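To start, the structure itself, in structure tokens.
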Amino acid sequence: MFTLAEVASLNDIQPTYRILKPWWDVFMDYLAVVMLMVAIFAGTMQLTKDQVVCLPVLPSPANSKAHTPPGNADVTTEVPKMETATPQDQNGQTTNDIAFGTSAVTPDIPLQATYSHAESTFPSQETKKEKRDPTGRKTNLDFQQYVFINQMCYHLALPWYSKYFPYLALIHTIILMVSSNFWFKYPKTCSKVEHFVSILGKCFESPWTTKALSETACEDSEENKQRITGAQTLPKHVSTSSDEGSPSASTPMINKTGFKFSAEKPVIEVPSMTILDKKDGEQAKALFEKVRKFRAHVEDSDLIYKLYVVQTLIKTAKFIFILCYTANFVNAISFEHVCKPKVEHLTGYEVFECTHNMAYMLKKLLISYISIICVYGFICLYTLFWLFRIPLKEYSFEKVREESSFSDIPDVKNDFAFLLHMVDQYDQLYSKRFGVFLSEVSENKLREISLNHEWTFEKLRQHVSRNAQDKQELHLFMLSGVPDAVFDLTDLDVLKLELIPEAKIPAKISQMTNLQELHLCHCPAKVEQTAFSFLRDHLRCLHVKFTDVAEIPAWVYLLKNLRELYLIGNLNSENNKMIGLESLRELRHLKILHVKSNLTKVPSNITDVAPHLTKLVIHNDGTKLLVLNSLKKMMNVAELELQNCELERIPHAIFSLSNLQELDLKSNSIRTIEEIISFQHLKRLTCLKLWHNKIVAIPPSITHVKNLESLYFSNNKLESLPVAVFSLQKLRCLDVSYNNISTIPIEIGLLQNLQHLHITGNKVDVLPKQLFKCVKLRTLNLGQNCIASLPEKISQLSQLTQLELKGNCLDRLPAQLGQCRMLKKSGLVVEDQLFDTLPLEVKEALNQDVNVPFANGI
């Protein structure tokens, strides 16, 4: 047999789940325990004391003659009256006995013989027989026959509900218990509930929750202009229990001290007593991450809500079923029953009168059970009314938003909303504290505090370095925000912020008087009004790297004193079919615009800065640039770079740029440059870069571009150099590296102003003597060719500082290299074995590039 405690354990849940048990569930749990006690009590009584007692219904005296027990044909049917003897004992006491005879319970002896035997045995009683009245009737049944009849009538005459009521009540109660707590046991919902309760308890006990709510209280007091006097200490409650459930009852109340924090309002000074330590901050940040992931996981489905509705419907249907059939059996339970077991051949009687000793008790227990189940059912109906009266799959934190400064707490839905509704039935303070961890403002404030703890002024100072321009530079990468101490580095020149999505630039940036360059790499920084005013007046160079054009901060287009703007990102993605740059009209002093993107046309907004723009760079990452009409309006552009734009010819719009000085068309698909003759109208053009294309020949018309000083044709498919190139008397730099050129024309000697010649990666085998007439050469790169010997006239290049010979067929170097006084070992690129062929004094002269300056100093 089981105990009450063992069965009641079906109704037990983890103590931490009690926050998800509204009052009706708790009440129904107690009612289920009472019903369980009724069922077990009734079952115990029935097993121990349930009994049916039956007596045969004897024929009446008037009909006794017609009654003859089977098997005794000679038995007299007259039922004699029972005699009572009252003999006196020796002490004078009188006893009353009923004279049944010794054969009264012997069915095989005829009644007449029994009476005759009695008369012969007790002759003295015969004279008193007529004077006494009969007090009972004989049945002639044996004890075993009574037991047999009792068992037969218990199963035949007794209603089934009287026999099985305790067991049915027990089964029904167990089903109700299981139905009430099934959502706590079902694996797919149990895991979510367990996770939710764990997070909820941690959020309730978190010092950050206490701090945040304290800030809210402080803000309310500020708004109401209520002065708080006295220094009150905000207690910080940290749970040391291993249980991750609901918070302890000893959680301290929240004092109205701290600082005011609002997403839209300035933050007042933070008292040191409310600052979280590093451990508390890390725990709070972990909670924000857990809440975010849990919300994303639970909001996807409404399984918990549906399961709770289903189990409530099951309990309601169970209540209706129990009430319907039990009400019909209340009157069926009675004390007396008539039994006709059809065992006349065994007992001699056909009808028996029986009594059920547990009838009154069972009837009272049944009425009690029905009363309890009615109360249980009404609560189920109320639960259904509550479930369908309000939208439980939506939960609004509107009240919390009104009472606190966290106006960004989002509304939730589905199972997440349902769980919060259930928690509100327990205590609304849980949801209020939980909402703090749904607020991005709260999370950002926590990150800001933790960030300022970690990145102190001293630590930031250690990360300051000097860049190639000898400027002090600070690079911050993948932080949760910009530390406040950054703005105390007043001597900083360059600030780089990379992958800081929540970057905010406060008014303190106005202290950084030396700051002129700012880098925002995937960092849509927000600025305060005072900070914007400072940047607008002082910032000179801005680099913005983005994935989508929406990441470009709007204030970028309002920096009126900006000189250089670098935009690197996708301006023509699927989400941005049209160019997304805003108007650049406010950039009144912009001189350099660098755009690295995937444009299909030159943005028309660029014309807003046309009057003062001097340099335009477009790196298109292989996307074909189709429309360049806007270039015609860039009349003051001196430098133009169109790289990786898949251009097949030189755009005609370029020929309208009368002030153009440098043109770079690197990494396109240009094959012919017949339009080069049009460059003669660009009187100021001095540098032409057509490198990394597919050009197979340089047209003779290049001779008309007489002002060219630099010409780059490297990484093309040139097989020869036309004589016209050498008519450019102002040419100072000629780069034809990595082509298929096999000979250098002797006309190269005409380039008297040539200072840099690059022929690396060709098929040149002989160097013409006229080359060495270019006495102003400083750089001569001849590597990776087929040159077999270096002429001794190399000595004429007295200004040579760099000579590349590596990758040729040379077997020795001429000693005349020593006469190139400006050439040093660092500028000579050659194999080590070739360098060793030089005379010792030449090698020593070449090695003096390091020692000579120090020697002169000494």
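Every residue, even glycine, has its Cβ placed from backbone N, Cα and C.
The membrane topology recorded in Swiss-Prot keeps T139 and Y360 together on one side. The record in Swiss-Prot lists a disulphide bond between C54 and one of C218, C324, C354, C374, namely C354. If one looks beyond the transmembrane segment (164-182) by at least 6 residues along the same chain, the residues whose Cβ comes under 8 Å of a Cβ in the stretch are 7, 10-11, 13, 25, 28-29, 32, 35-36, 38-40, 42-43, 45-46, 307, 311, 314-315, 318, 322, 329, 362, 365-366, 369, 376. Break the repeat 'LRR 10' (730-751) down by DSSP state and the numbers are 5 helix, 3 strand, 14 coil.
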